[in-house]
């Protein structure tokens, strides 16, 4: 069987040494071509060929075979197609909404800038949910780790109502939209609250590592440890603390009054119930260690002990 010949790339010399990779790890695009000559009689070309044995020794991580994993297929739980599309969607929406918010603010002086600003916050949040999981908790990462389509009806309804309040108050109740909104101070306050909440949640996920789960677990897995260092020495549930304040911060940022109150009530009820149920399981997992930890550290969510 004939082997495919490989043409030389720009910048390489036919007589000079093979080019070195652009970085220490090397990539397939930067792996030099190492010409070899086959003794097969059925070869019908004389072009240079890859010597994979040499390449494996020189760049062991770049030519290793990739095992077949059905979960990576388009219908799998780790579908690379789904991950790519969701990551692109989050990035595109974030960039487009930031630019649109800036344009509407600077050029048009139109308060509808709050709508793309709200979607920019959502895009960044959902991208970081996946990225932090992939970076620090690889065994559990799934296409669903973006939490774009699996966060429940109440979550989607809340953000839909927030977007509708921005639109309705902008076009039909502008005086109401301006109540308790003092640019740039209230906008800056909203940005600070959003940033604090996002940093707290992302930090909590990163420091917990493989001990973090998007959904509460009912059985203790091997290697599951009680995390009490870092941000966990300040809050027992920093990811909940982060999301609670991040969500409220988005409503302060966009000037929503009705949804700000609704978010506060709904989130408090949700986390109050969630913490009680989850800590019952944690006591079963870690016993007195968790009881002592609970005595020392609060949740930092108002009225959630």
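For all residues, glycine too, the Cβ spot is worked out from N, Cα and C.
Per TrEMBL, the range carrying the annotation transmembrane segment out of 83-106, 155-178, 203-226, 275-298 is 83-106.
Below 8 angstroms of C-beta separation, residues 112-114, 116-117, 119-120, 123-124, 126-127, 130, 143, 146, 148 of the same chain, each at least six residues beyond the ends of the transmembrane segment (83-106), sit close to that stretch.
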